[in-house]
Amino acid sequence: MARTSASHPATSAPAERAAWLRAELERANYAYYVLDQPDLPDAEYDKLFKELESIETEHPDLIVPDSPTQRVGGEAASGFEPVVHDQPMLSLNNGFADEDIVAFDKRVGDALGKNASEPPVPVDYAAELKFDGLAISLRYVDGAFVQASTRGDGTTGENVTENVRTIRSIPLKLKGKRVPHVLDVRGEVLMFKRDFERLNERQRAAEQKEFANPRNAAAGSLRQLDSKITAQRPLSFFAYGIGVLEGMEMPATHSELLDWYKELGLPVNSERAVVQGAEGLLGFFHGVGEKREKLPYDIDGVVYKVNRRDEQDALGFVSRAPRFALAHKFPAQEALTKLVAIDVQVGRTGAITPVARLEPVFVGGATVTNATLHNEDEVRRKDIRIGDTVIVRRAGDVIPEVVSALLDRRPSDAREFVMPTQCPVCGSSIERLPDEAIARCTGGLFCPAQRKQALWHFAQRRALDIDGLGEKIIDQLVEQNLVRTPADLFNIGFATLAELDRFAEKSAQNLLDSLEKAKHTTLARFIYALGIRHVGESTAKDLAKHFGSLDPIMDASVEALLEVNDVGPVVAESIHQFFAEEHNRTVIEQLRAPGKVTWPEGPPAPKAPQGVLAGKTVVLTGTLPSLAREEAKEMLEAAGAKVAGSVSKKTDYLVAGADAGSKLAKAEELGVPVLDEDGMRKLLEGQL
């Protein structure tokens with residue numbers, strides 16, 4: 001397992017420290033490149049690498065040929081034939097802070113003599129994305145694809161030709177008039193997020209191990225010894241560089257190279273630009289950062305390359321990287337820290353969630369001190385204990401989570417987590433149903449923690465939209481026992497609000513105005529605001545549309561609720577239990593008392609027309625050859641069928657297209673008839 005500077009005491013002997021760093025970095029490289037089982041966060045690796053570089057800079061006599069600083073890193077796996085690259089596949093130096101980019105631009109400008117003029121002449125750079133995948137080289141001879149190899153250690157890689165041949169985005173024959181005799185295309189094999197999710201759905205359906213992330217999935221798929229397995233994996237490719245070129249002149253700029261690649265039929269990413277100077281580089285970086293989470297694939301930074309080929313040649317290379325390029329990496333999304341305690345939080349519905357209390361660590365652009373552990377089963381599965389050194393992940397707006405513990409660093413006094421039997425907030429008992437992963441406090445609205453969360457949910461924009469009722473105000477209202485249920489909100493007055501801490505008179509009046517406005521809502525919003533487990537906005541709208549008014553919903557049996565579009569057994573039972581609880585009915589009556597919350601009510605939705613599928617439940621999954629899912633749904637409903645969202649024993653038919661996933665496996669397990677699109681059409685025509 002991984003060891004870092006934290007597990008090896010600092011020493012005054014640079015030689016000893018350098019030797020340990022080299023061994024640790026090589027071990028991490030082997031785990032990452034050969035085993036495809038990375039166990040050291042990128043940020044930790046970068047920190048160790050920079051420390052070794054610093055030691056070798058101060059003590060040049062300690063540099064040895066096999067130091068990680070003198071090569072790219074990694075070894076060819078024994079299961080594939082080695083391929084020696086005619087031109088090395090080098091890695092890039094990294095920059096992290098804006099200052100690093102300004103310094104890079106200055107170094108380039110100085111070396112090219114552009115900073116000597118007055119005013120300085122800005123350097124043109126090609127800026128593009130840094131994909132989180134696997135680097136490969138494709139060789140084409142007279143336009144025909146003949147070989148593919150991984151980067152390996154930069155000098156020798158692995159022959160993965162047959163596997164790469166299965167990647168549909170990679171042309172087996174180049175097109176266009178300008179096809180060279182020999183061309184080595186450098187690029188990245190990756191897996192799009194949507195394809196990764198579908199792959200894991202298939203893995204789950206087949207009861208096989210799921211992949212941790214798209215990069216691991218891409219790497220594992222590319223290095224399959226059986227290319228038939230690779231062919232079933234949804235891999236993609238983007239070209240971004242060049243190795244050997246024979247039979248024509250090298251394009252004058254990097255941007256022209258990528259334009260030429262597009263002419264040849266090679267996939268080139270469109271998120272690229274030619275920019276000038278450090279200001280242009282940073283503008284591109286921050287622009288990409290704003291839309292990073294919305295991109296359909298994972299990236300871990302951007303890459304800058306001097307655009308002109310002659311200037312690249314003039315700048316040349318250092319031992320392991322080109323001087324004309326730099327990778328500008330986003331803040332690390334994973335980091336190491338110590339787990340000092342595990343507490344539990346109580347959610348709006350009483351869910352008890354273990355929360356890791358951490359030594360502060362900077363990850364994903366923010367300092368993290370808490371991270372979710374999801375539930376008791378996850379803590380057990382990952383074998384996470386108090387006192388462990390853990391890997392923490394934070395990406396974008398996602399809640400930080402503990403990924404795993406480093407078992408080789410576990411202290412002797414590490415303690416296992418014990419789920420409490422009583423709620424830490426109200427003292428009520430904690431229960432966990434046999435078929436659920438979540439334990440829950442049974443205190444209901446008696447529990448202040450649930451009370452606060454329930455009020456916060458009630459006030460959300462998509463619920464009753466009570467502007468100005470934030471968490472701090474709710475905390476005071478609950479802690480001072482001024483509000484116990486949502487109905488109490490409409491009883492508070494100006495004097496009460498004005499006395500709250502840091503709550504000005506204007507704020508008090510604004511909140512009262514917002515409460516008055518919230519009294520006029522819709523049935524769907526009101527249902528959603530109640531915070532019924534498993535009832536989101538869509539289900540609330542379906543309930544309102546189906547029943548037309550609140551009383552029929554409150555009195556509906558589970559069987560009646562199952563007739564609502566997309567309501568399955570679990571949701572129906574949750575709704576039924578909520579309205580069966582007398583306390584909930586009391587709160588609802590208080591809310592719709594005269595002068596309180598009102599909404600327009602109407603008749604229930606008309607019964608589905610009788611047809612050949614009247615009374616039948618059908619589930620759609622996958623992609624149909626000629627029909628969009630909504631079209632198929634409309635056809636089935638027009639024939640009287642209920643189109644459900646999940647497969648159960650009550651499902652009469654499953655209509656399955658391509659990439660059917662777990663619903664198909666569930667249907668086969670339950671013996672539900674499975675139809676393709678043609679079968680569905682025959683069913684609609686009454687031929688089945």
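Every residue gets a Cβ built from N, Cα and C, even glycine.
According to Swiss-Prot:
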- ASP42, ALA43, GLU44, TYR45, ASP46, SER91, LEU92, GLU128, ARG151, GLU188, LYS305, LYS329: NAD(+) binding site (BINDING)
- LYS130: active site, N6-AMP-lysine intermediate (ACT_SITE)
- CYS423, CYS426, CYS441, CYS447: Zn(2+) binding site (BINDING)
- 608-688: domain 'BRCT' (DOMAIN)
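Where Swiss-Prot records a feature, it is marked here on the structure.
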residue : record                                  : CB count, 10 Å
GLU44   : NAD(+) binding site                     : 20
ASP46   : NAD(+) binding site                     : 14
LEU92   : NAD(+) binding site                     : 19
LYS130  : active site, N6-AMP-lysine intermediate : 20
ARG151  : NAD(+) binding site                     : 24
LYS305  : NAD(+) binding site                     : 21
CYS423  : Zn(2+) binding site                     : 24
CYS426  : Zn(2+) binding site                     : 18
CYS441  : Zn(2+) binding site                     : 27
CYS447  : Zn(2+) binding site                     : 20
Separation of alpha carbons, CYS423 (Zn(2+) binding site) and ASP42 (NAD(+) binding site) (Å): 39
Number of other Cβ atoms within 10 Å of the Cβ of ASP42 (NAD(+) binding site) across all protein chains: 18
Assigned element (helix, strand, coil) containing ARG151 (NAD(+) binding site), judged by DSSP: coil
Length of the line joining the Cα atoms of GLU44 (NAD(+) binding site) and CYS441 (Zn(2+) binding site), in Å: 39
Euclidean distance between Cα atoms of CYS441 (Zn(2+) binding site) and LYS305 (NAD(+) binding site), Å: 56
Proximal residue to ARG151 (NAD(+) binding site) among binding-site residues CYS426, CYS441, CYS447 (C-alpha distance): CYS441
Euclidean distance between Cα atoms of ASP46 (NAD(+) binding site) and CYS423 (Zn(2+) binding site), Å: 43
Max pairwise CA distance, angstrom, over record-listed NAD(+) binders ASP42, ALA43, GLU44, TYR45, ASP46, SER91, LEU92, GLU128, ARG151, GLU188, LYS305, LYS329: 26
Distance, LYS130 (active site, N6-AMP-lysine intermediate) to LEU92 (NAD(+) binding site) (CA atoms, angstrom): 11
DSSP-derived helix, strand and coil totals, residue by residue, for the domain 'BRCT' (608-688): 27 helix, 16 strand, 38 coil
Cα-to-Cα gap, CYS426 (Zn(2+) binding site) vs ASP46 (NAD(+) binding site), nearest whole Å: 46
Distance from the residue listed as 'active site, N6-AMP-lysine intermediate' back to CYS447 (Zn(2+) binding site), taken between C-alpha atoms, in Å: 48
Collapsed DSSP category at LYS305 (NAD(+) binding site): strand
